[in-house]
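Everything below concerns the one structure shown next.
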Amino acid sequence: MKLSEKDYKWNFFVNSIDMAFFNVGMTMASISTLLPLYIKNLGGTNFEIGLVPAIANLGWGLPALIGARYAERYPRKLDLVLRVTAGERLPYFFMALTSFFIAGLNQKLAIYLVLLLLAVATFSMGFLGPPWMSMIEKVIDPKQRGTVFAMGSGLGAIASIGGSAIARYLLQRYGFPYNFGYCFLYASLAFGLSFIFLCLNREPPDEVKIESHKRFSEYIAAIKDILRDTNYRNYIIERAITVFGLSSNAFVAVYITGKLSIPDYRAAEFTAVLMVSQAVSSFLLGPLGDKNGHKISLAIGKVAQIAATIILLFHTNLFLAYFVFVFLGIVNSSGNVSSLALTIDLVSGKRKELYVGIQNFILSPVSFVAPLICGFVADRFGYELLFVFSLILTTASLAFLAVFVVDPRRSLK
């Protein structure tokens, strides 16, 4: 079964809306701003705050090989995605219940329940990463992959501006922890709307079914063969350096609110600024990458991270603090759009699920350890040294990307 032009247009539409609502949900329970502040207000330490991105990053990567192995058994990847996707959406509803009924009685229990629920959500996302990416590679016109990620990220960012306004109102209007509980409740609603559009994908079955009923140890051994692909190996190394460079971003909102002694509801304003920046830059970076290669768009994101870190180190007022989130919005759109699109470009025509699974699996321990190291550095030596390390590592990742990673779109020209 071959997709028609009409099918491609339909899939472009439903996936753009699916990603948009999904991004709204992720904003209303933001790992970068709201969840760290929630843990802080529950009396959490910097180590426990660092567990938020650590668990998320580990969850997004560790189950990827298992997800890839299962995905190869499904001619239609959507069938597997729909079976597991409740695990990545329902936990936010239970975070809301935890906030309403437990956080006021036992704060430490609430911290670890929310961290457990975050683990369920992100491990489900990690399992579904390879089948979902494989589905996208099939259902979206290759000339529009970056654009569809841009639409999802951009539309989600625009909708999230309204979501941020709602979050700001909730954080001001209600006392803690109910204010955060309502944010999680709205997040679960957005995930539910996203699910409706996910179901509407038109995906053809794979023409060739890959035998994947080998022992898992044999499947793991395939990593050695994949890593002989020099360009893909270099891309994974670049992503690992990037993870360390960006992990300090989980502490940005906490650092700014503490340094400037501003109330927590400002975090919703920071999120709104970040979303506006993400929306505008997504619509620019997606088409730019489709035309000139997504390596360029990734490099722009790294330059934005460097600029954000420099401002963060030297800012002295709220006005400059907003510019930090302008640049972080560009960083987010670069990651949401171009890292996904470049990954698909690099694995197109190969065993997509296995390539994506191996990348996510290899990066998972790095992604887990990096935020914990950041939390330790922040506790022991202060936030400023942490952000200096971030600046050095991001600069190193930019240089490595420029020299050692070849963009498939550019090499074909």
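Positions of Cβ are set from backbone N, Cα and C atoms, glycine also.
Pulled from TrEMBL, these are the features on record:
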DOMAIN    13-411  domain 'Major facilitator superfamily (MFS) profile'
TRANSMEM  20-39  transmembrane segment
TRANSMEM  51-68  transmembrane segment
TRANSMEM  80-103  transmembrane segment
TRANSMEM  109-128  transmembrane segment
TRANSMEM  148-167  transmembrane segment
TRANSMEM  179-200  transmembrane segment
TRANSMEM  236-258  transmembrane segment
TRANSMEM  270-289  transmembrane segment
TRANSMEM  320-342  transmembrane segment
TRANSMEM  354-373  transmembrane segment
TRANSMEM  385-406  transmembrane segment
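Long-range contacts of the transmembrane segment (80-103) within the same chain: residues 25, 29, 42, 70-71, 74, 109-110, 113-114, 117-118, 120-125, 127-128, 131-132, 135, 176-178, 180-182, 184-185, 187-188, 191-192, 194-195, 198-199, each at least 6 residues beyond the stretch ends and with a Cβ under 8 Å from a Cβ of the stretch. In this chain, the transmembrane segment (354-373) lies out of contact with the transmembrane segment (320-342); the count of Cβ pairs under 8 Å, excluding pairs fewer than 6 apart in sequence, is fewer than 3. Counted as Cβ pairs under 8 Å, contacts with the transmembrane segment (148-167) are highest for 270-289 among 20-39, 51-68, 236-258, 270-289, 385-406. Residues of the same chain lying 6 or more positions beyond the ends of the transmembrane segment (20-39) and with a Cβ under 8 Å from any Cβ of it are 48-49, 51-53, 56, 89, 92, 95, 111, 114-115, 118, 151-153, 155-157, 159-160, 163-164, 166-167, 177, 180, 183-184, 186-191, 193-194, 197, 249-254, 257, 264, 267-268, 270-271, 274-275, 328, 336. Between the transmembrane segment (354-373) and the transmembrane segment (51-68) there are at least 3 Cβ pairs closer than 8 Å, counting only pairs 6 or more residues apart in sequence, which means the two stretches are in contact. With a threshold of 8 Å between CB atoms, the same-chain residues lying at least 6 positions outside the transmembrane segment (51-68) that come near it are 31, 35-36, 39, 115, 118-119, 121-131, 219-220, 243, 247, 250, 353-354, 356-365, 367-372, 375. Counting residues 6+ beyond its ends, the transmembrane segment (270-289) has Cβ neighbours under 8 Å at 27, 30, 32-34, 146-151, 153-155, 157-158, 160-161, 163-165, 167-168, 253, 256, 296-297, 300-301, 321-322, 325-330, 332-334, 336-338, 341-342, 409 in the same chain.
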